[in-house]
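J.: Have a look at this one before I ask anything.
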Amino acid sequence: VRDWELDDSSLLMTFFFVFLGSSSGSKLKVPELSINGTQHVVQAGQTLNLTCRGEMVHSWSLPETLSKDSKRLKVIKYACGRNGKQSCSSLTLSRTQASDTGNYSCKYPTSAAKKKKESTVYVFINDTGNPFVEMNSDIPKIIHMTVGREMIIPCRVTAPNIAVTLKKIPGEALIPDGKTIIWDSTKGFRIPKATYRFIGLLSCETTIAGHKYSTKYLTHRETNTIFDVQLSTPRLVKLLKGDSLAINCTVTAAWNTRVQMTWTYPGQTKKRGSITQRIDQKNTEANIFYSILVVDKVRDIDKGQYACHVKSGPSIKSVNTTVLVYDKMFINLKRRRKTVLEAVAGRKSYRLSMKVKAFPSPEVIWLKDGLPAAEKCARYMVKDYSLIIKDVAEEDAGNYTIILSIRQWNLSKNLTVTLKVNVKPQIYENAVSSFPDPNLYSLGSKQVLTCTVYGVPQPKITWMWYPCKQNHSKTRHGFCSYTEGSFNVKAGSHIGNRIQSITERTAIIEGKNKTASTLVVAEAKSSGIYSCVASNKVGKAERNVSFIVTDVPSGFHINLEKMPIEGENLVLSCSANKFLYKDIAWILPRTVNNQTKARRAINKEYSITLTLTIKNVSLAHSGTYVCRARNIYTGKEVLQKKDVTIRGVSYHLDFLLLLLPFRP
């Protein structure tokens, strides 16, 4: 089947004799050209005739400068060989010119699995007036180079025997040596490994019939450094149908970097967008490249992802944005959670937010209890559609309303939520007194303990009892080491001490609804710690009352049985509460001699007593007697003093005479 009409009968006869006569019956693995050798020379203006024969249909590949649509070109396909089982084609190029110089190839169809099968001949179109295939006399052609890689200076010639000289302007000759510089008439000057030596303006020169010809090239050392890629739009762009979309992609790159900027976008196949590009080289440190994509009167087809892709050699970067297209303006407003929200007082910040979907972005106003929130308190800050409360306090509880409005369209929506601020339990007595010392309670006395509590929600109050034994090292609660653990205290219980009652009373104190819990101890008998525990959903507080029962006045006391007379015995007793004091000792006046006899400490249920006995005292035993003990809680020494005056015998006799009846 012929695709082209045959208008030259003599040409057909030539084809017939060439291919029919050469047929040997063997199959052709690659197509066969009618011209032997790898090069062929045709004089400019003459006709180039090439024929190709193969076992299957084949195609022609031409120089880039020659269009397949050229009117000077004709290709005819037909059956050939014995029995017409082979495929032949003829290529005719009339009125040849210098720019037709290049490779002409005949090839079989290829697949990924098969090697490329073709036959090629390089055809020179000899034109003495145009020795170079491409002439760049006034404006040099840019040649991109990378140091260390191959670079071609493509000053191809129109005849294989033309002598060409390579120069670096202003005048340095670059002589081919077969290694660093290689001349190839079909390619130009080939430089296997380019160096900085070849950076600059180069000229390929030749002389034909006394006339000098030159074509110029400017080498440019490329880098591939892309500093930054940014879009002029946010990550999400919202538009109304009919609006225009303009996205500017800005690339900052190194000075010697050139970039390729491309776009992908939803309406690309229908060419919905127009793209303009420019470069700004005013920056002394970098090149700035711009690519602007504009879509007029957006429609539904235009919604989706818009991506700017930047490539420079192996360096690739991209940025994107998403475009939404709406039919009309709207406001959708929903709660994120429940109608009633909860926060905890003392929290660093709390965000009140709603689910908002609106176009265009509406005006946002937050109200607290009907008043503008941001004006009511400096701790309130509106951010986007949220209200942020800094340093949450109890007074932040209330009703919060968000109002969204698009005034130009008279569109408005609002929604209200209630915020409850929970407060961790607080015990008033802990704040007003730190209770530095344990409390002493007289044995058998009735005592009243009070715990005043506040919190939101209202805390639950429980009383705990921690019995203790004597312990000379402080524990978590001060003085007690626990042998039986803790016990829940209830009215009427007899654990530790008999509890007469536990009552609670609620009242408004200092503007807050506080609860006072009163525990009444009917009779103080056991030492330990009463702990008031207040707890709610957000925490708990604890107040510990050291309940030290004592049978010693003030917990530390010296007792003198009687003031002795000279010759009698002096007896002094030093008693100390054993849960508060240790290391009891007597400090005696210097006049006391070895007549002193101090008994060992007697350990009682509530106290320790150390008795000092001095027999047959004299007037010299008068003085200040000191009892020393160490406070277990503070670690300090405490002293109790007793002044003793020994009365003489004469004084005692005079006193007795005064008691006798008077006789005249």
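Heads up, the Cβ atoms here are built off N, Cα and C, so glycines get one too.
Copied straight from TrEMBL:
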{"type": "DOMAIN", "residues": "31-122", "note": "domain 'Ig-like'"}
{"type": "DOMAIN", "residues": "241-324", "note": "domain 'Ig-like'"}
{"type": "DOMAIN", "residues": "346-418", "note": "domain 'Ig-like'"}
{"type": "DOMAIN", "residues": "425-546", "note": "domain 'Ig-like'"}
{"type": "DOMAIN", "residues": "553-645", "note": "domain 'Ig-like'"}
J.: What counts of helix, strand and coil residues does DSSP assign across the domain 'Ig-like' (241-324)?
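T.: Going by DSSP assignments, the domain 'Ig-like' (241-324) contains 3 helix, 51 strand, 30 coil.
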J.: Tell me, roughly as an integer, the mean pLDDT over the domain 'Ig-like' (425-546).
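T.: It averages 85.
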J.: Let's see if you can do this one: DSSP helix, strand and coil counts over the domain 'Ig-like' (346-418), in that order.
T.: 10 helix, 44 strand, 19 coil
J.: In the domain 'Ig-like' (31-122), how many residues does DSSP call helix, how many strand, and how many coil?
T.: 6 helix, 44 strand, 42 coil
